[in-house]
Amino acid sequence: MAIERTLSIIKPDAVAKNVIGQIYSRFEAAGLKIVAAKMVHLSRREAEAFYAVHRERPFFKDLVDFMVSGPVMVQVLEGENAIAKNRELMGATDPKKAAPGTIRADFAESIDANAVHGSDAPETAAAEIAFFFPGMAIYSR
Ligand code: DGI
């Protein structure tokens, strides 16, 4: 199985709930290593750029409003099958549909405030990692 990297965001709702450590524990227990991390409060322009693929969707403004509502914790996760593994840990986009024991089932309130983001494919992972950590050292170990 290939070693991959994926971009993870702990969104403002989960940061406000003080569960960064609990979410990090789940990454570690699943064998995903945190190889870069920072806390940032996104500007509207940054949030719009990050979610540009959703620009035409009816929920775009709500999504951007939410993502700029407080600081987020952004990390690069590395490990075997990291992209799919992180998506499994996250659970479905709508927490009401997320499997028991997933991050969204346990920590998310709604489809708008759904606790975490994770890249969905190798191409988006590469682009999203470059968006948040351009030319920055990533500590593979
Ligand atoms: O990769 P995901 O975060 O699971 O989902 P996505 O890439 O399809 O959508 C990105 C975010 O946009 C998602 O985490 C929450 C929001 N979103 C997606 N679909 C809907 C939505 N928000 C609302 N209100 N309604 C939707 O149908």
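For all residues, glycine too, the Cβ spot is worked out from N, Cα and C.
Annotated active site, pros-phosphohistidine intermediate per TrEMBL: H117, in sequence order. Per TrEMBL, ATP binding site is recorded for K11, F59, R87, T93, R104, N114. Taken from TrEMBL, the feature domain 'Nucleoside diphosphate kinase-like' applies to 3-140.
Locations of recorded TrEMBL features on the structure.
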residue : record           : DSSP (3 states)
K11     : ATP binding site : coil
F59     : ATP binding site : coil
R87     : ATP binding site : helix
T93     : ATP binding site : coil
R104    : ATP binding site : helix
N114    : ATP binding site : coil
Q: Mind checking which of K11, R104, N114, H117 has the fewest other CB atoms within 10 A of its CB? They're the recorded positions.
A: H117
(Q) Quick test of your reading of the structure: among the binding-site residues K11, F59, R87, R104, whose CB sits under 6 A from ligand 1? (A) F59
Q) Mean pLDDT, the domain 'Nucleoside diphosphate kinase-like' (3-140)? A) 97
Q: Could you measure between F59 (ATP binding site) and H117 (active site, pros-phosphohistidine intermediate) for me? Cα positions, answer in whole angstrom.
A: 16
Q. By DSSP, what is the split of the domain 'Nucleoside diphosphate kinase-like' (3-140) into helix, strand and coil residues?
A. 61 helix, 28 strand, 49 coil
Q. Hey, of the binding-site residues listed (F59, R87, T93), which one tops the CB count within 10 A?
A. R87
Q: Take the C-alpha atoms of R87 (ATP binding site) and the residue listed as 'active site, pros-phosphohistidine intermediate' and report the distance between them in angstrom, rounded.
A: 9
